[in-house]
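J.: First the structure, which I've put down as structure tokens, then a few questions once you've had a look.
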Amino acid sequence: MARVYDNWERLVRATLRSEQQPGHQRTASGIAGSVPDSLQGSTNINAILQAADEIQSLDPNVARILCEQAYTMAQNLDPSSDGRGVLQFKTGLMSVIKQKLAKKDGARIDRNRDVERLWEFYQQYKRRHRVDDIQKEEQRWRESGTFGANVGDLELRSSEMKRVFATLRALVEVMDALSKDAAPDGVGRLIMEELRRIKKADATISGELMPYNIVPLEAPSLTNAIGYFPEVKGAISAIRYTEQFPRLTADFEISGQRDLDMFDLLEYVFGFQKDNIRNQREHVVLALANAQSRLGIPIEADPKLDERAVREVFLKVLDNYIKWCKYLRIRLVWNSLEAINRDRKLFLISLYLCIWGEAANIRFLPECICYLFHHMARELDAILDHGEATHAASCISENGSVSFLEKIISPIYETLAEEAARPNSGKAAHSQWRNYDDFNEYFWSPTCFELNWPMKINSPFLLKPRKGKRTGKSSFVEHRTFLHLYRSFHRLWIFLVIMFQALAIIAFNHGRLNLNTFKTLLSIGPTFALMNFFESCLDVVLMFGAYTTARGMAISRLVIRFFWCGFSSVFVLYVYLKLWEERNRNTSDSFYFRIYVLVLGVYAGVRIFFALLLKLPSCHRLSEMSDHSFFQFFKWIYQERYFVGRGLVERTTDYISYVFFWLVIFACKFTFAYFLQIRPLVQPTNVIVDLPSLRYSWHDLISGQNNNVLTIVSLWAPIVAIYIMDIHIWYTLLSAIYGAVMGARLRLGEIRSIEMVHKRFESFPEAFVKNLVSPQIKMMPFDRETIQTSHDNNKTHAAIFSPFWNEIIKSLREEDYLSNREKDLLSMPSNSGSLKLVQWPLFLLSSKILLAIDLALDCKDTQADLWSRICKDEYMAYAVQECYFSIEKILHSLVEGEGRHWVERIFREINSSISEGSLVITLSLKKLPVVLSRFTALTGLLTRDESPELAKGAAKAVYDLYDVVTHELLSSDLREQLDTWNILLRARNEGRLFSKIEWPKDPEIKEQVKRLHLLLTVKDSAANIPKNLEARRRLEFFTNSLFMDMPPAKPICEMIPFCVFTPYYSETVLYSNSELQKENEDGISTLFYLQKIFPDEWENFLERIGRGDSGDAELQESSTSALELRFWASYRGQTLARTVRGMMYYRRALMLQSYLEKRSLGENVSSHSSFATAQGFDLSREARAQADIKFTYVVSCQIYGQQKQRKAPEAADIALLLQRNEALRVAFIHVEESGGADGKVTKEFYSKLVKADAHGKDQEIFSIKLPGDPKLGEGKPENQNHAIVFTRGEAIQTIDMNQDNYLEEAMKMRNLLEEFRGNHGLRSPTILGVREHVFTGSVSSLAWFMSNQETSFVTLGQRVLAKPLKVRMHYGHPDVFDRIFHVTRGGISKASRVINISEDIYAGFNSTLRQGNITHHEYIQVGKGRDVGLNQIALFEGKVAGGNGEQVLSRDVYRLGQLLDFFRMLSFFFTTVGFYVCTMMTVLTVYVFLYGRVYLAFSGLDEGISRQADLLGNTALDAVLNAQFLVQIGVFTAVPMIMGFILELGLLPAVFSFITMQLQLCSVFFTFSLGTRTHYFGRTILHGGAKYRATGRGFVVRHIKFADNYRLYSRSHFVKALEVALLLIVYIAYGYTEGGAVSFVLITISSWFLVISWLFAPYIFNPSGFEWQKTVEDFDDWTNWLMYKGGVGVKGDNSWESWWDEEQMHIQTLRGRILETILSLRFIIFQYGIVYKLHLTGDNTSLAVYGFSWVVLAGIVMIFKIFTFSPKKSTSFQLVLRFMQGVTSLGIIVAVCLVVIFTELSIADLFASILAFIPTGWFILCLAITWRSIVKRLGLWESVKEFARMYDAGMGIIIFAPIAVLSWFPFVSTFQSRLLFNQAFSRGLEISLILAGNKANVEASSF
């Protein structure tokens, strides 16, 4: 047992040492950190053990007493040690106690005196820490309501005070427990009196240690000033219980030291959880307080909550409920707003939020919450009308207890969970189970009230699914089919088809618009009717699965529309056919023509009427007001009515804007289509149709007797494909131009270089004050003398601007973007002193004095001429003036008596000369350098600390200055006057002149001396300061944004409060030392990589920590430096630490702004006499409290509880972040396991919120029990949902854990939040889009490409989406949500499994459908990390493309496509799923074109037609090819990127950047991405399989093996590229073009580029991809993987067979198998065409030739089977097998030779046969995989597997061969390194390889 204790003790101490590393700022925690969760819930064991550690050094005996008490408590709580980790904890704790006993040297311990010792120590501890004084100070503070000036020292000790109070609380608890056994007349009596005194009057201990989030509502707190803000006081008093409320029972307990309030009644009535009540109590208090503060009501002695504040919160929280009642036409629970008083409103607000706070997953069902609230509010009303409070009947359980969770939430959750289990991890069809939307839409119909109240368990809503039976969808079924694209956007497809038909008709009529042409054009009528009918058919078919549960009205509408569209299409078609007969008869009778035109005109008029009525804003209001049943019926038929999607109209001016935008696109598109696509093909088409019978090279089955129809299709198909797709090209072009113009109007890119920053710096203070400073600061009084002597307000503006600017510069230095010298040069003086002019930063003035002196020395003219030359550089003029005034002020402060008279006389004479213009006469300018050298020597002494020696030196320096000025600088006349001046003469003769000086002590003088010394001594120009490119970029953007339009800044107390919200799972929090030092196979560590990528930042870091010459190993020796190193590296990666640091800048900015605004609690602002500096702002209690009211930061670390349990390093790093950021809150899901009587383990789930306590440990704030596992759908939105209840404020910014923020941008946050109140259309904004800066662009060339692409989208792209198109959605972070709007409407994302895989964008869909408004703003930016390696990028692109594939199936896209007006629908389509549709069409165009050319080549028609008519070389095909080529290489998609470059960088840098990207093969990357998007988008719609793909966010310095790339890209890129290559080879071999090889090259160059990009991009962009040694290793690894058989449990990474099985998993359904079979049929054309082209077959076109080719193929397969057959059992058969294989080999050779000799078969035919059989074999393989169950039953699966292995081996060899050849040449690898990484890293990489080689040689020689 002793060994166990020793081992445990060693483990405990090791853990302790790791936690006590210096720099973590942690106190000793001992075994306290190991307390099991089961012991922490109801006891303070953890706090007692922490107190024991705290006082161990003061009194070990008392520490022992505390440990023993903790052990006793643990034993009483769990005597049998059943809980997880309890036994180990007890064992460890006993070990620690024994160790403490052993230190007593064997002396006996008298435990009877423990109570006395504890009491004595308690008294000593209180005296030592002045606890009584602190309590008295608190009492004075509480009574006055203001902060006294003498508590500044307490501000510095707030964390120390919390630790003291925590220890005192633990001591009190232990004394209370031990006092029961003490003598009642001794110490026991004293302890009891102390306890009574504490409980009666002392709130300090409990107030400081009572867990709270933001507002200490349970007990007052000395260290937190929030409770003393008047608006908070008013909010707390408003919810206080009054006599009018029902009386609660006497046994109801109140937590903490607060008064009874409304929430206590809600807890009693409905059984809400205590922590939910505590959470929502704070939530409501803060909401009311913030609403009150915005009213600007003067501070009163007894603050009251204004009715307007309550009304505002009430209407916002219950807005969705009010709309729901109006939609269902039911009465609200109140009659009118005027009829309910303030208390009733507060009750309803509180009730709604309590329901929402405990609803768990039901929060995704906003209308379900409305339903619950509706009934519970009625129950509450009934109870409020009675004198006694009673439990609500709906929440009373069978055992008599009351529980909202158990009775209301759990039944709904259980049904949700049962349905969520049906998708089988996303494999089941969406149509087979109900998702969150289906459940929520149940409450969109009045039938929801059939659920009754209390809810009926057997209602259809709570019906649990039964195996094999559907439960029925609501109103939409997500069938997996491409037909959703037509159904959702049928108006677009109808429009495109009709326009194509009309243009073709006009073209075939040679452009003549006459009556015949008009009658032909009328054929669009039947087209329109038939396409509409097809859409109504899809409505009927795709609703299958919802007919039993959908609303009757919805089904009735489907049926009515189906029959109406069917009837109308038949009628229109019939009439048009009759019209056509009339036309053909050439009679004058036009009866049917008139009827047709009349019907068509009436129908078109009705459609246009309804379209205008429902979409134009002014008309829409009329249609909404009309309640006439007839009118409503037709409106309902025209457009289905949902709870969401009503009123999707925009302001008339906005409507006109985006209509005009699309009209321009249509004009361009249809002009291009008509003149360059359609009209050129008219003549060829007519000629081909009229050609006589052509001779086919093969056996023709279709085209022989129908005018060469397939030839016409081959000609027109590429044109049609491009016609459908090129509208996106025109959209891209116009949006790029419009976005650039709009960006220029927004003044983006005005300051785009550091030189511009220098030139315009003078205008920054005024712009900053105008936009970013609240009126409260502008009204601050300044020194009167300063204002009077200043020429204008520049000095005032500079004084306000300087503390903000300096804090920005300080943050840049802390982030190591600046060096210490740069920080000094960039910092700005306070400008609050008495100097007469503005003092600018030194980087603007450096070397200006020296240049001015040079001008003075060269001066041959007058003073005016000299000054005009100086003033040409305005900063030189500032420098000269500042130098002159500073010298005067400094000299005046240094000397007294006669010396001061001399100073005053000198400057009086000089000022007089300046005013007279005779300065060049008064002074000898040639002597200025000497004078300044003397003064520089003086300032050099004065910048140091005073000493007697320095004082003598300074006096001598002043005398030398006097001597030079008097005898050399001044003119002779003035010199004689001074020499004969009696006062000076006497003092000089007596030795008193300048014998003693007054050393500078005034801070202002000291600052001026230091600044003047730098001004005179900095000789080099500061034109390149700052040097760091990131610092430059940030300063450029910030200063540019000062001149952009933004809302004016409100005072902090009146700004909109907000919260930042970050979901986190298990990504990197902080890089560990081992991760930084770990080297890859090239010897490159992450730290080395970062040092090379960021060399200047590394030097600045070493300078900051004072280790300028230290190496990596030396940094590791110091724990403090090692921790700083970890943070430095983590701040350059995509880590949670970086995100947290960036987001906490919001709080820092708010504290600074609040501190400078000088809001005081109870004091008059005018009492502040002058503008204060920002020094110490972060210690101000008022500023901290004000910031906490307005800002909270919650990180939802989903599995933090599990990470803590298994001691994961991420848990320790998160705890470290908590301690370093006191305002940070971490929410997580806690799982408690308990064993039942039957042996089953049951789990309980809790949503918890923690912060760091006084000891740096996690302190639990709230713990809300959940009905079950919260992860029913997609992980990220579920993670957000469980934690969103802990957020606060009216806005919430969603931030991913790979983002960053900057202090200067945080200063603009309050301006951005004011946009919620701005005028942005018919509706107030609900989501504010924010510009992103992708900070990973410098990592590699790929990262740069991705960065530029992303930057283009998040700036220019989203700018156009928001205005004029009004279709911007939520594309991810960092958008700012209207928090109340979204949490009452389902949250900030959707979570249904698979369908909501791209969860973020659904927030935008939901917001738009619910009448929200999404805007975009570019004067503020947030940092964003992106994937930096090709595999990471591909996985990310695959996830997004798969998500878009799922969006096609979703109800949100369907409703937006149906309910938006036509032009806004176009914008929505082409900027969401339409982008991926057009991307897929781009690739399909290549296929369509090449298959068409191959058809013409195989059939021989290309040559036949060309010989009969010179047609195939015309401009039509050129148009096809050019359009396809330009689209394919991404030129058009790059246009927005180029325009963005031009706008923000300038023309030349933009051109240079674009050329650089092309040289770094960006076109290869973009073409490769084209394939990624196409593959995943298409496969998701066909088969599903979309899933979250973890891309990893590390630095890509690792070589990716060939096999890894092959596995990832084989099916998505390689197979498709080889197919295209095969098509090109066949086309070149058998095609006919008059121009010969040149024409072939021109026609196919873009397709070859696509092939090369898709095949080799993964290896071009692979680090060290062409290094010979790695190539050899890759080949070995690939062959081992290919040949490894695999088996059960073997992953695809290790075995080809396992990977091959995984690749087939997406084909699950019969529909999918049929579609795959149809798609695979295309491979047959190769064999069919080639066999007729062989020399062997000659001119024979018989079908028997093709049949014989299958016989040959069967023979080849048999031969393959013979050679691959390997018997496992019979050894004797092996000899026979070998004999057969040998005979077969000889037979094949002989047979081939004989056939070649005696028949027409040529060697070329052999290769052609291989070319024919390869695709046919792939076709057979695809069929076998698709129908694998049948193949397995036939026993052929093993043969298929070997067949497939051979194909993969062949594809791998084709790809690998060029890589191997290039790897022979060393320069290729060097070139690739330069291509992938910047030069610094490439050099470092080469050096590292050399060193590694030498190291290897040394190691080898030592053996």
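Placed from the backbone N, Cα and C atoms, the Cβ positions cover glycine too.
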J.: Among 18-37, 778-797, find the range that TrEMBL records as region 'Disordered'.
T.: 18-37
J.: Can you work out which residues elsewhere in the same chain, 6+ from the ends of the transmembrane segment (1846-1867), have a Cβ less than 8 Å from its Cβ atoms?
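T.: Beyond its ends, the transmembrane segment (1846-1867) has Cβ neighbours at 1602, 1606, 1610, 1614-1615, 1618, 1655-1656, 1659, 1665-1668, 1671, 1675, 1678, 1682, 1696, 1700, 1760, 1817-1818, 1821.
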J.: At a Cβ cut-off of 8 Å, and with pairs 6 or more apart in sequence only, do we get at least 3 pairs between the transmembrane segment (489-508) and the transmembrane segment (655-676), yes or no?
T.: yes
J.: Summarise the domain '1,3-beta-glucan synthase component FKS1-like' (343-456) as counts of helix, strand and coil residues per DSSP.
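T.: Once the DSSP states are binned, the domain '1,3-beta-glucan synthase component FKS1-like' (343-456) shows 77 helix, 3 strand, 34 coil.
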J.: Taking a Cβ cut-off under 8 Å, which residues six or more beyond the ends of the transmembrane segment (1638-1661) line up next to it in the same chain?
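T.: Here the qualifying positions are 1341-1342, 1429-1431, 1486, 1490, 1493, 1513, 1517, 1521, 1524-1525, 1528-1529, 1561, 1563-1565, 1567-1568, 1570-1571, 1600, 1602, 1605, 1608-1609, 1613-1614, 1616-1618, 1620-1621, 1623-1624, 1627-1628, 1631, 1854-1855, 1858-1859, 1872, 1875-1876.
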J.: If we skip the immediate neighbours and take only residues 6+ beyond the ends of the transmembrane segment (655-676), which ones have a Cβ under 8 Å from one of its Cβ atoms?
T.: 499-500, 503, 506-507, 615-617, 649, 723, 726-727, 730-731, 733-734, 738, 1363-1366, 1461, 1463-1464, 1466-1467, 1515, 1519
